[in-house]
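Straight from Swiss-Prot, the features:
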- 1-20: signal peptide (SIGNAL)
- 21-128: domain 'Ig-like C2-type 1' (DOMAIN)
- 21-367: topological domain 'Extracellular' (TOPO_DOM)
- ASN57: N-linked glycosylation site (CARBOHYD)
- 69-85: region 'Essential for interaction with PTPRD' (REGION)
- ASN107: N-linked glycosylation site (CARBOHYD)
- ASN111: N-linked glycosylation site (CARBOHYD)
- ASN118: N-linked glycosylation site (CARBOHYD)
- 139-230: domain 'Ig-like C2-type 2' (DOMAIN)
- ASN196: N-linked glycosylation site (CARBOHYD)
- ASN209: N-linked glycosylation site (CARBOHYD)
- 243-348: domain 'Ig-like C2-type 3' (DOMAIN)
- ASN299: N-linked glycosylation site (CARBOHYD)
- 368-388: transmembrane segment (TRANSMEM)
- 403-546: domain 'TIR' (DOMAIN)
- GLU482: active site (ACT_SITE)
- 553-570: compositional bias 'Polar residues' (COMPBIAS)
Amino acid sequence: MGLLWYLMSLSFYGILQSHASERCDDWGLDTMRQIQVFEDEPARIKCPLFEHFLKYNYSTAHSSGLTLIWYWTRQDRDLEEPINFRLPENRISKEKDVLWFRPTLLNDTGNYTCMLRNTTYCSKVAFPLEVVQKDSCFNSAMRFPVHKMYIEHGIHKITCPNVDGYFPSSVKPSVTWYKGCTEIVDFHNVLPEGMNLSFFIPLVSNNGNYTCVVTYPENGRLFHLTRTVTVKVVGSPKDALPPQIYSPNDRVVYEKEPGEELVIPCKVYFSFIMDSHNEVWWTIDGKKPDDVTVDITINESVSYSSTEDETRTQILSIKKVTPEDLRRNYVCHARNTKGEAEQAAKVKQKVIPPRYTVELACGFGATVFLVVVLIVVYHVYWLEMVLFYRAHFGTDETILDGKEYDIYVSYARNVEEEEFVLLTLRGVLENEFGYKLCIFDRDSLPGGIVTDETLSFIQKSRRLLVVLSPNYVLQGTQALLELKAGLENMASRGNINVILVQYKAVKDMKVKELKRAKTVLTVIKWKGEKSKYPQGRFWKQLQVAMPVKKSPRWSSNDKQGLSYSSLKNV
């Protein structure tokens with residue numbers, strides 16, 4: 001056997017050498033016809049000469065005295081070798097113009113050449129064969145054919161491809177279909193039907209790789225053919241539209257100064273149309289970019305939706321734009337089989353504002369900022385500002401008004417409120433601020449009529465200071481008499497103002513006079529330790545409500561009242 005193969009090889013090389021000097025039509029390596037097959041599966045390959053390069057078929061050529069010769073070049077080799085047709089079990093054989101592998105092996109990968117010749121004529125072509133190793137899930141480097149079907153558009157079928165000629169029509173092979181790694185059994189809208197796979201109303205979820213495994217017997221052996229088809233669900237024809245230009249549009253103006261970079265995107269949406277050639281291009285003043293003297297760069301990008309609707313973007317850019325460039329007409333064009341569309345970009349030169357406008361804007365901005373600052377300052381320090389104005393520019397209310405007291409203090413007669421009035425309020429208002437207080441229990445004479453003396457004291461006072469607490473609202477108390485008298489005096493004569501100081505919160509407001517007073521008068525809240533500091537907010541609010549006095553009744557040397565440190569101990 002070895003001697004016979006050696007003699008055949010010598011004969012083959014002799015034939016090649018004898019025709020090396022003869023003219024032979026060499027069609028080269030037909031890379032468009034690269035054949036991929038799985039390892040350990042049969043393969044049948046027809047000589048491409050009779051399919052693409054010659055006008056006659058094998059029978060005509062054979063009857064004319066032409067001989068078909070096969071040889072190959074191993075992968076990563078340059079030496080042409082004859083094909084060994086004497087392998088065990090006829091693993092490689094030739095039948096007319098077909099080369100058979102039953103089955104293929106990985107080392108069968110290489111370039112195969114079929115040559116048709118006689119003594120006066122020679123023609124040959126080569127094609128690559130790649131044997132691919134199969135994994136457990138049909139994934140490999142093999143390129144799969146793509147079958148497109150319209151979304152929600154009737155019933156579609158795919159057929160197991162490239163199985164014709166492997167077995168006679170009398171043989172009924174078994175066929176198993178898979179999606180990815182999963183055998184197709186009881187799928188929602190996919191039904192295997194032998195060599196066919198039917199899709200009922202295709203959906204995007206049907207996208208994927210579908211594999212058919214065909215098993216057939218031959219000469220006592222079982223062979224398997226594995227074929228994979230990529231299914232892609234695409235947009236329906238009823239949704240097909242002419243191009244839709246998203247950008248440029250009438251809402252966007254590209255305003256640039258000379259020397260700046262001008263960038264204009266032309267963004268176009270194409271609905272899916274089978275075999276449609278989608279185009280996008282720019283014109284500048286009616287000319288293509290290559291026909292104008294402007295230094296223009298155009299970059300294109302394409303993206304696809306799940307149903308292969310296409311968004312194509314062409315970005316036109318000019319690095320340093322000139323005034324002349326800003327006067328040009330830039331138009332985006334688009335076309336598909338449904339029609340054409342175009343949209344001009346709005347480009348203009350930016351107007352630089354005059355200098356005085358900038359200065360005016362800056363001045364206005366500064367004014368607004370100053371006003372805002374003043375409003376904030378007033379909001380934070382309004383009490384201090386009012387007290388400052390009263391101290392320096394206010395009119396003294398105590399001159400010739402016939403009043404004896406600055407403040408009449410009304411409060412509930414119990415230990416806690418009395419301590420707050422006699423120690424805290426009196427200590428600060430009289431000793432620190434110089435006001436004269438009228439406190440009934442301190443200033444009334446023994447034996448007098450309470451009602452008459454109360455009304456008399458209130459009429460002699462400029463302010464009625466009401467210390468609110470839960471005990472204050474009890475019916476029948478002297479405190480309520482003082483409140484009613486003060487409110488009536490304020491309403492009828494207007495010669496006394498009422499000041500409400502909330503010493504403790506009053507939840508149930510049953511006294512209608514007090515309820516009405518709280519709705520129209522400001523309530524100054526005592527907050528315990530936080531309010532004891534004489535320069536704090538509580539005392540400033542109280543001072544604002546007090547009568548304006550130009551100078552205290554006592555000099556600072558006569559003040560022997562409470563200091564802040566003494567208030568802390570109250």
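Residue 1 is the first one shown; counting continues down the chain.
Just so you know, glycine gets a Cβ as well, placed from its N, Cα and C.
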Distance from ASN299 (N-linked glycosylation site) back to the residue listed as 'active site', taken between C-alpha atoms, in Å: 89
Beyond the flanks of the transmembrane segment (368-388) by 6 or more, those residues with Cβ under 8 Å of it: 537, 540-541, 543-544
Distance from ASN118 (N-linked glycosylation site) back to ASN111 (N-linked glycosylation site), taken between C-alpha atoms, in Å: 23
Cβ atoms near the residue listed as 'active site' (within 10 Å, other residues, all chains): 22
Least surrounded among the glycosylation sites, given as ASN57, ASN107, ASN111, ASN196, when other CB atoms within 10 Å are counted: ASN107
Cβ-Cβ neighbours of ASN209 (N-linked glycosylation site) (radius 10 Å): 16
Whole-number Å value for how far ASN209 (N-linked glycosylation site) lies from ASN299 (N-linked glycosylation site) (Cα to Cα): 33
Minimum Cα separation from ASN196 (N-linked glycosylation site), reported as the residue among glycosylation sites ASN57, ASN107, ASN118, ASN209 that achieves it: ASN209
Rounded distance in angstrom between the Cα atoms of ASN118 (N-linked glycosylation site) and ASN57 (N-linked glycosylation site): 16
